[in-house]
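Colleague: First the structure, which I've put down as structure tokens, then a few questions once you've had a look.
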């Protein structure tokens with residue numbers, strides 16, 4: 001029932017493989033997909049992986065750097081696979097331990113491991129044990145408890161229950177009488193119980209009487225607090241004061257700038273001049289690649305003291321347990337064993353450190369579920385691995401987690417938008433980017449920043465106003481268009497505006513507007529089309545269907561999800577449901593999903609950068625842009641190592 005089983009090293013050397021009877025397809029593709037999607041991306045917290053119709057289970061052997069992978073059909077429910085893969089790992093290690101330790105890579109390639117007989121025996125034992133567990137013989141009626149009951153016993157049981165119920169009702173009715181009679185019938189024993197309940201254990205009746213007298217005199221001599229005779233009158237609410245604006249003026253004439261020059265001309269040119277002066281003071285050139293997000297590397301040894309204290313606790317615990325077993329010298333050698341390279345890591349050694357790391361990640365805004373998966377992945381990666389000389393468990397776990405986080409944040413494919421735009425220009429077509437996300441995350445603002453960056457690099461931009469729902473969305477984009485054109489006047493570009501807005505007003509079909517905008521950009525030779533969509537919650541099915549339609553009909557070159565850096569667990573729900581909606585409502589066999597992420601409001605979170613980890617871990621897609629402010633210059637690319645260093649900072 002197994003399709004295949006393979007054993008290979010982390011260096012890629014296949015040591016042994018098995019293919020089931022009747023299986024003709026090669027297992028190379030699913031194994032390579034497992035390596036690319038799970039092992040290389042440090043996502044080994046879960047030991048299963050699904051590839052098309054196959055379900056893959058895998059196990060890592062960190063001591064010998066081996067990977068055991070078994071594959072079977074997804075529709076099958078094989079309960080013995082987990083135990084079977086553990087048994088195969090132990091048998092293979094024990095049998096070829098010396099060869100794995102002594103022989104080099106070249107000899108391992110030339111060597112053939114004769115493991116077929118052992119594998120067949122283990123497989124048969126596993127299948128037999130699962131059948132023995134699953135096949136449970138049904139009991140006959142004579143063996144059941146129901147057969148032992150007679151009609152008479154059943155009637156008696158029912159009668160007894162009724163009597164109990166009646167008695168219960170009588171008790172309920174007489175409850176008040178019993179409670180009223182209790183204080184009258186108190187004897188000395190009950191009085192003793194009552195005094196015990198009041199905290200007078202071990203006191204005689206005279207002592208209790210003296211104690212009560214003291215309480216009585218203390219209450220009488222206490223000064224009574226004066227109570228107000230009349231209730232205080234309710235205070236009148238403060239009247240709302242009129243707000244005085246700093247540059248508001250006292251009359252409408254002072255804020256009327258239409259006739260500033262005295263010639264009755266409109267203020268259009270003056271607005272452009274103002275925008276140029278205001279924005280020109282704070283904007284720098286953005287030609288070339290974006291600057292990366294950077295943090296001050298002041299973390300050097302901030303968290304080391306806590307780690308050392310925790311490590312002392314772990315070492316002391318191991319030394320105590322070992323001293324109980326082997327005396328005083330055993331405790332000394334146990335402590336040394338926790339530091340020198342002869343110690344192999346176990347799950348128990350790493351558990352306190354991983355627990356602290358998990359809490360630290362959650363405090364840094366990483367989603368709780370993803371924090372657990374990351375720590376489990378690190379535990380699987382390090383379990384059984386021999387530590388380096390004089391390295392602590394905390395430093396080893398922290399370094400492994402840091403490497404995993406860097407691996408997750410680094411893009412798995414090339415992300416070079418300028419190069420892609422130039423390639424699309426050579427094909428005489430526009431490069432289309434669609435922005436999507438929930439409400440209020442900054443889609444329009446960051447679209448304007450990306451427009452400015454593209455204009456600085458010599459490209460012309462057409463903005464498609466496909467947010468036909470939110471009031472003021474088109475006017476917001478028109479304001480950005482006017483400001484961008486004032487920063488790059490048409491006179492400097494052959495009389496042609498470098499950015500234009502394509503809009504059809506409100507209440508129209510967004511997919512149709514995007515299609516018309518792309519056709520217009522192709523006819524007018526625009527380099528880039530930026531499609532702004534309406535914000536929508538991930539649970540709004542009609543709007544999610546409309547977004548999937550827009551993407552499926554127009555097939556943009558890049559679909560960017562715009563998300564806030566402030567969110568924690570919500571980022572997981574948003575991205576999962578956006579991807580799910582795009583997949584469900586797509587009309588093609590291979591649906592178009594999210595290609596990248598724009599992380600906004602990054603300047604408001606200090607070092608709580610966990611949302612970047614959550615979003616990248618869920619989608620597997622890179623963070624293309626990072627918004628770090630409110631001006632057109634505040635656009636950055638992601639620096640994985642800087643973000644991880646901020647994340648690991650204590």
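Backbone N, Cα and C define each Cβ position, glycine as well.
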Colleague: Need the matching range: TrEMBL marks region 'Disordered' on one of 221-272, 377-428, 429-480, and I'd like to know which.
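Modeller: Going through 221-272, 377-428, 429-480 one by one, TrEMBL flags 221-272 as region 'Disordered'.
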Colleague: In TrEMBL, which of 71-102, 295-326, 327-358 is tagged region 'Disordered'?
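Modeller: The listed stretch tagged region 'Disordered' in TrEMBL is 295-326.
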Colleague: Using DSSP, what's the helix, strand and coil tally for the domain 'SRP54-type proteins GTP-binding' (622-635)?
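Modeller: So the domain 'SRP54-type proteins GTP-binding' (622-635) is made up of 0 helix, 6 strand, 8 coil.
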